[in-house]
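*Asks:* In case it's useful when we look at the structure, here is the feature table from TrEMBL:
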- 9-123: domain 'Tetrahydrofolate dehydrogenase/cyclohydrolase catalytic' (DOMAIN)
- 146-293: domain 'Tetrahydrofolate dehydrogenase/cyclohydrolase NAD(P)-binding' (DOMAIN)
- Gly172, Arg173, Gly174, Val240: NADP(+) binding site (BINDING)
Amino acid sequence: MTQSTAQILDGKATAAAIKAELTTRVSALAAKGIVPGLGTILVGSDPGSTWYVGGKHKDCAEVGIQSIRRDLPEDISQEDLLKVVQELNENPECTGYIVQLPLPKHIDQDVILEAMDPEKDADGLHPMNLGRLVANVNGEMKSPLPCTPKGCVELLRRHDIDLKGKRVLVVGRGVTIGRPIGLLLTRKEVNATVILAHTGTVDLPAELKQADVVIAAAGVPHMIKAEDLKPGAIVLDVGVSRVDDGNGKAVVTGDVDPAAADVAAWLSPNPGGVGPMTRAMLLANVVESAERQAGIA
Ligand SMILES: Nc1nc(=O)c2c([nH]1)NC[C@@H]1CN(c3ccc(C(=O)N[C@@H](CCC(=O)O)C(=O)O)cc3)C=[N+]21
């Protein structure tokens with residue numbers, strides 16, 4: 001019989017606390033006549049993407065951020081999509097916006113992200129902001145950070161988990177999580193030692209065995225097995241996959257085998273862990289950007 005031992009990194013409760021704090025900051029901006037506005041650009045009607053975008057608008061309403069929605073057909077041309085990007089760049093009601101990813105194959109994601117106004121980049125995925133993340137060892141240049149990495153760091157910080165000197169294994173080198181989180185965790189304010197594993201890593205189980213902290217962001221369902229973890233590890237299950245539950249229903253599945261709860265000291269569940277934090281950090285980026293635009297941060 002197995003017994004669950006890991007303490008839960010409750011992203012849902014932490015995100016709720018952050019949203020309450022942001023509501024106060026949005027009121028302070030409103031008192032100065034400033035209303036932050038989040039724009040979303042959604043191309044096509046993928047059910048997952050549509051659900052995420054809907055959630056972002058609901059979150060905005062909760063904290064008092066105005067939201068602006070641009071839902072576009074799957075077959076929109078790159079040229080027409082660039083016009084919508086330009087429109088939001090110029091729209092004064094839109095203080096920050098995101099382009100929901102992934103985009104259809106006929107559209108070059110890099111071209112679209114680069115066309116955004118970097119000061120309005122609520123996801124922190126514009127090459128200028130990724131470059132600022134590389135350039136600033138202490139985060140001294142106040143630029144938006146990618147929401148999921150920022151959410152991971154904030155989730156740990158709010159559970160008083162200090163990564164200083166810890167050996168962190170990041171699994172996955174994607175542009176939204178793996179690559180930027182390595183940069184964030186090696187900032188002096190966090191001071192973790194980071195190993196970035198990917199599909200070319202030769203012996204992942206050996207790397208896992210030595211890791212004090214595992215950030216699983218591969219997007220491969222249950223690829224991190226309990227027996228590969230170092231006992232007492234801190235595990236963040238970040239990857240999101242949708243798999244058939246056997247009855248034709250799609251269920252959200254993380255990268256970490258649920259039996260990891262028997263081995264880890266701390267575990268962020270999926271769902272209910274980093275996902276809600278990602279959403280909260282998007283709101284934080286919008287509020288921080290509006291504060292910068294107003295000259296108060
Ligand atoms: N431009 C862009 N920015 C993104 O931040 C972005 C994106 N594109 N494309 C897709 C991924 C995925 N992502 C998630 C956000 C919230 C949850 C989330 O809140 N999940 C809940 C519920 C999960 C469910 O039931 O479906 C949870 O984990 O508890 C998950 C995943 C943001 N992404």
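Indices start at 1 and increase along the chain as displayed.
Placed from the backbone N, Cα and C atoms, the Cβ positions cover glycine too.
Predicted automatically and left uncurated, TrEMBL annotations should be read as such.
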*Asks:* Where does Val240 (NADP(+) binding site) sit in the DSSP three-state scheme?
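*Replies:* Once the DSSP labels are grouped into three classes, Val240 (NADP(+) binding site) ends up as coil.
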*Asks:* Near ligand 1, which of the binding-site residues show up if the criterion is a Cβ under 6 Å from one of its atoms? Options: Gly172, Arg173, Gly174.
*Replies:* none
*Asks:* Counting every protein chain present, what is the number of Cβ atoms, excluding its own, within 10 Å of the Cβ of Val240 (NADP(+) binding site)?
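*Replies:* Neighbour count, Cβ to Cβ under the 10 Å cut-off: 20.
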*Asks:* Counting other Cβ atoms within 10 Å, pick out the least crowded of the binding-site residues Gly172, Gly174.
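*Replies:* Across Gly172, Gly174, these binding-site residues, the one with fewest Cβ atoms within 10 Å is Gly174.
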*Asks:* Can you give me the same-chain residues 6 or more apart in sequence from Arg173 (NADP(+) binding site) with a CB-CB distance under 8 Å?
*Replies:* Arg179, Leu196, His198
